Each structure stands twice: as C-alpha cells, then as structure tokens.
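Features reported for this protein in TrEMBL:
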type: DOMAIN; residues: 6-312; note: domain 'Hcy-binding'
type: BINDING; residues: CYS231, CYS297, CYS298; note: Zn(2+) binding site
Amino acid sequence: MIPTRHPMAEIIERRGALIIDGAMSTALESLGMVLNDSLWSARALIEHPEYVREVHRRYFEAGANAAITDSYQATEAGFGAKGFSREATAGYIRRSAELAREAKNDVLLEHPDWLPGDLIIAGAIGPYGAYLADGSEYTGAYSLTRDEYVKFHELRLNALLDGGADILAIETQPRLDEIEAILSMIEKRDITCWVTVTLKDGEAMPDGTSPEKLAEVLDANPQVEAFGLNCVKREWVEPALQKMRAKTKKPLVVYPNSGETYDPGTKTWHAQGPHEPSWQHFVPLWEKTGALCIGGCCRTLPRDIEEISKIIEAQKKA
C-alpha cells in the first residue's frame, strides 16, 4: 500500500530534522525502578505506568519529536510466560501507545505554541532476539520461518496500532529475514515505519547483511520512511551511514548508545573514558551523511536529547 500520510517526512519538511527520544530503561531507573526482569522496561507498564508517561513527557520537553513506546520487549510470548492472557497483554501494549500520547497532550497544554504534528508516537517493535533476553539482538543467533515471525509479532503490532501509534519503529533488528516478515504484516495497512538495525563489529548486521544490501531492500519499500542504526557504538555510525547513503535518498536514522560500553557477560555498563568524543563531535558528522533523524539509545537520558537537539538547531543557523 502507498501510505496516505508520512509523519516523519512532514516533520522533516517543517523543521529540517526529526529528534528521536532516548532510552526508556535508563530513564525509568533514574526514577527508582529496578528492571532486572525478562520484561525489562515493559515491566513498568504493569507496575508504574505513570513513570512511563513521565519519561515520555521529559523527552518531549528535552526536544524530542518522536516518542518510542515502551513496547520493545513487550510481546505475547514474554507476557504469557508471566501468566498474562492474550487480552491482558494486548491491553498493556496498547497502553504503551496511549501513555505516550497522554504525555504528548500534557506538553501541548504546557506549550500551546507547539504544533501537534511535530510530536509523534512511534510504536516500538523489537526483534525476537529481545524476547530471548540473552543478547540475541546483537548476534542474530536464531532463525524462524516467516510465519513464525508473523505470529510472534502480530499481537504487539495490532495493539500498537489500536493504541494510536502514528508510525512503527522496527528497531534493534539483527536479521533481514525478520525485518521483511514484519514489513509484510503492514503491506495492506495505511501506516509507515522506520527500520533500524544493530551491527556486528561495525561492518554488517549480525546476520551478515551489508549496509548496502539493507539499503537496497528498504529503499524499495514505500512504507519505510527512513532507516538506519540504533543500539550501536557511536564510532560505528558514520561509516555504515555512508554505505547506506550510496544506495538511497531516504532520510537516515541513528540513535546509538551513550558511549558507555556494555559487557553482556556481566550485564553491566562501563563508563566512557575521559577522551571519548562528545555528541558535539558526532552529530554534525551524521548530519553530513544524511542522518535527519537522530536520538539516543541505551544509557541516554533527557539531557542527552536536549544536547542533541541544541546541536542540530545550531547547525541549522550556521
């Protein structure tokens, strides 16, 4: 289907760029939540939905145009393992989109001069590997049939659309076959998306797909408004974006991690060194390679999004 609306393109046309929010989990932890759970940040949908709404509000206030719903690890299989029914699971996932929209409405009341269309809700669809909760979103070490992928993602996708998501964020994807399965689910729906992938050693997707091949596939899909990278090291971004740019004129998306290093063995983060380049170093480089949609992933907070937003605004005036 050729979509009738392109929410990302509309913002980019008006503002020149689109700011994506930062980490949900890190912001929830800053509010006191402990997320050592197979549902990860989706646990907050059950225990503290008011925290989720507050996190979205803070990111909007920091300059984000796109709020990514707290549904990355919210799946029928994951909630089912905790004893929740299909109906209850769908309700929690639907609520993730509603909470983001409530936060949007809150900030629009506080800022009556803001355009409602400049704030959008992106329904997060993480990979099957995120449900496994063993780091498989970085290895792609699993393989399902297309029908199995569709069955796994179906309830979440439908619930996000029922909850009012403006677009879908098909994110942190390690496998091209899974991306294609998810895209097949929206072929007959009037909805657009962005797609972002992880990288292995900064060179290719974990399944071996090159940035060029990914770009060729996604460039041909009219429902993919933009694509790129997330949950990667910042220093990996520019070379991969350059390879994608050679195969597409679509806007590129990047929301990498903060600069801290994750140890999957201990499941802990290690602080960046004193000489780690700043957002001020990276963001202009990404913009030059065609990244018009920029935000943060793991270990980022509203202050990071505020900094990114200010850098992009300054670039416009330069």
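Placed from the backbone N, Cα and C atoms, the Cβ positions cover glycine too.
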(Q) Using the CB centroid of CYS231, CYS297, CYS298 as the Zn(2+) site centre, which other residues of the same chain sit with their CB within 8 A? (A) ALA23, THR172, ASN230, VAL232, TYR255, PRO256, ASN257, GLY296, ARG299, THR300
Q.
Below 8 Å Cβ to Cβ and six or more residues apart, same chain only. Which residues does that give for CYS297 (Zn(2+) binding site)?
A. GLY22, ALA23, THR172, ASN230, CYS231, VAL232, TYR255, PRO256, ASN257, SER258
Q: Would you mind ranking the binding-site residues CYS231, CYS298 by how many other Cβ atoms sit within 10 Å of each Cβ and giving me the lowest?
A: CYS298
**Q.** Structural state of CYS231 (Zn(2+) binding site), classified by DSSP into three states
**A.** coil
Q: Look up CYS298 (Zn(2+) binding site) in the DSSP assignment and report helix, strand or coil.
A: coil
Q) Over the domain 'Hcy-binding' (6-312), what is the model's mean pLDDT? A) 95
